[in-house]
Amino acid sequence: MYLVVVGVNHRTAPVEVREKLSFSDHQLKDAFSALLSYPSIDGSVILSTCNRTEVYVASLDVDTGLKVVREFLANWAGLSLSDIKNYTYNYTLYDAVHHLFRVASGLDSMILGETQILGQVRDAFLKASSLKASNKILNTLFQHAITVGKKVRTETGIDKNPVSISYAAVQLACSFFGSLKDKKALLIGAGKMSSLTAKHLSYYGIKEIIVANRSFEKAEQFAREFNGIAVPFAKIYDILAEVDLVISCTGAPHLIIHKEQLELVIGNRQHPLYLIDIAVPRDIDPEIAKLPNVFLYDIDKLQNVVTKNLEERKKLAEMAENIIETELKAFIEWHSTQFVVPTIVALKKKAEEIKQKELTKALNKLGNISEREKNIVCALAHTILNQLLHTPIVKLKQYALTPQGHLYTEILQNLFDLQVEGERPKNFTHPREEMEESDEKRSYCGESR
C-alpha cells in the first residue's frame, strides 16, 4: 500500500471553495463509503477543520490514488477536476508522513503552534476507525503523528505563549488574577474577536460572562452560545460596578467608556477593575488609567506581547522541525523493515511447531513426572528456542535496512523451508498484528513469549 494525501487549506483556496470541500461528522459515513468503493483504495482518514480539509488514503498505486481522491473531491464539492488541481496540494509516500507530522505539531497551521489541530487529528483518526474506514498502515501513521504532536509541544512549549490578540488578552487576565474561576467578565461587542475571547475565557473557567452589544438580540444570541448573560448596551456602567474584568472590542468610531462616567460608578468598589481594550479605534478612554484601582491595557501593549511571542514560536518551530525529522527517520526505519515481518512470523511458527512436537515426545518418554519437573523441561525448551531465534531475527531486521535486505530474507526462507503467506515485500503494509498473534500464549506447557 502507498500513502497519498490530497488537501486544501487557507493558503491554497478561498473560504467559498473550502466550505464546499468540508465534511461534517454526519457526512463521513457516506464519504468513506464513496472512497472505499474504488478498488485501489484500501483505507482512508479525512481531516476536516475550519481552515483545512485533507483526505488521506492507502492506495495500491500512487498515481491511481491521486486520481481517485481528486475525482472523489470534485464529485463531492461539485467542482471540476481542473479546479481541484488548482486549489489542492498533494503529498505521497514519506512526504505525506512528514506533512501529517507537521500538521499534528501545529507547524502548518494559520496560527503557528496552535493546540487545537492535534485534537482534530486525533478525532479524525478515531472517527475513521469507528467507521472501519482506516487500515493498518493509516492506524500506525496517525497514532505516530499524535505522539509526535504531543512530543513537540512537551519538549518545545511552542503552544505556551499566545500569538493571537484575543488569547493574549485572556492570558493577561489570568496573570492578573491567577485563576478566573471566581471572576466575572464583561465583554463589550459580539463580533468574531469577542467570540474568540469568550471561548478562551470559558476554557480557563471564568465564573460568568456578561455581554453587551448595541444589538440586544445579537447579545442574547452570543450569551446563549457561551452560557452567559446579555445586558442592554445602556446598562454598561451599572455592570462595571460589579465585574472584575472588562474586554472591549466593538466597531464603534468613538469611545464607549469614559473616565467621568466610570468614576461615578466605581467609587464603592473594594477590588481592582481590569480593562483590556482590543478595539481599533479604541473603545475605552485612555484617561481611565489614572483612576485609582483601575488598570487599563490597550491593543498596542498586547500586540507587543504577541509579536515577541510569535518570534519565540518561530525559534521553537525550528526545534520542532528537528523532532519531526527524527521521528520521520524512525517511521521510515520501521516501515523499511516491515517486509521481513511475515518471514519472522513464519520462522517463529515453524520453530514453535518443532518445539511442541519434540516436547510431546520427551514428556511422553519421561512418563509420570511432577508438574514442577514438567515446567522445568518446558522452560528449558522455551529458552533454547528464543536464544536460537534471537540473533537471526535481529540480524534480519538490520539487513532489511540495506539494499540486500530482500536477498537475506529469501535466503532465510530457503534455509528453513519457510512457507510465508501473503508476503508482499515492497508493499506499504503493517502486519504487526500477525507478529503479536504469533507471540501470544502457547497452549502447551503454559509458556508465553
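Here the Cβ of each residue, glycine as well, is placed from N, Cα and C on the backbone.
The active site, nucleophile annotation in Swiss-Prot covers Cys50. The substrate binding site annotation in Swiss-Prot covers Thr49, Cys50, Asn51, Arg52, Ser109, Glu114, Thr115, Gln116, Gln120, and the record cites sequence analysis as its basis. Taken from Swiss-Prot, the feature NADP(+) binding site covers Gly189, Ala190, Gly191, Lys192, Met193, Ser194. Under the heading region 'Disordered', Swiss-Prot lists 427-449. Summarising the annotation, Swiss-Prot assigns site 'Important for activity' to His99.
Feature annotations (Swiss-Prot) mapped to structure.
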residue	record	DSSP (3 states)
Cys50	active site, nucleophile	coil
His99	site 'Important for activity'	helix
Ser109	substrate binding site	coil
Thr115	substrate binding site	coil
Ala190	NADP(+) binding site	coil
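Set side by side, the binding-site residues Gly189, Gly191 differ in how many other CB atoms lie within 10 angstroms of their CB, and the most is found at Gly189. The DSSP secondary structure for Gln120 (substrate binding site) is helix. Those same-chain residues not listed among Gly189, Ala190, Gly191, Lys192, Met193, Ser194 yet with C-beta within 8 angstroms of the centroid of the NADP(+) site C-beta atoms are Leu187, Ser195, Leu196, Thr197, Cys249, Thr250. Each residue contributes its Cα atom, and for Gln120 (substrate binding site) and Ser194 (NADP(+) binding site) those atoms are 23 Å apart. On the backbone, the CA of Gly189 (NADP(+) binding site) and the CA of Cys50 (active site, nucleophile) stand 23 Å apart.
Counting only same-chain residues six or more apart in sequence, the Cβ atoms lying under 8 angstroms from the Cβ of Met193 (NADP(+) binding site) belong to Ile165, Ser166, Cys249, Ile278. Residues Gly106, Met110, Ile117 surround the recorded substrate site, their Cβ atoms falling within 8 Å of the Cβ centroid of Thr49, Cys50, Asn51, Arg52, Ser109, Glu114, Thr115, Gln116, Gln120, which are themselves excluded.
Taking Cβ-Cβ distances under 8 Å and a sequence gap of 6 or more within the same chain, the neighbours of Ser194 (NADP(+) binding site) are Leu187, Ile188, Val211, Phe222, Ile247, Cys249. Ranking the recorded positions Cys50, Ala190 by C-beta neighbours within 10 Å puts Ala190 at the top. Separation of the C-alpha atoms of Asn51 (substrate binding site) and Lys192 (NADP(+) binding site): 16 Å, rounded to the nearest whole number. Put simply, Cys50 (active site, nucleophile) is 14 Å from Thr115 (substrate binding site) when counted between their Cα atoms. The Cα atom of Lys192 (NADP(+) binding site) lies nearest to that of Cys50, taking the recorded positions Thr49, Cys50, His99, Ser109 as the candidates.
Here the candidates are the recorded positions His99, Ala190, Gly191. The one whose C-alpha lies nearest to that of Thr49 (substrate binding site) is His99. Considering only the recorded positions Cys50, His99, Ser109, the residue whose Cα is spatially closest to the Cα of Ala190 (NADP(+) binding site) is Cys50.
Note: Ser109 (substrate binding site) has non-local neighbours Asn51, Val103, Ile117, i.e. same-chain residues 6+ apart with C-beta under 8 A of its own C-beta.
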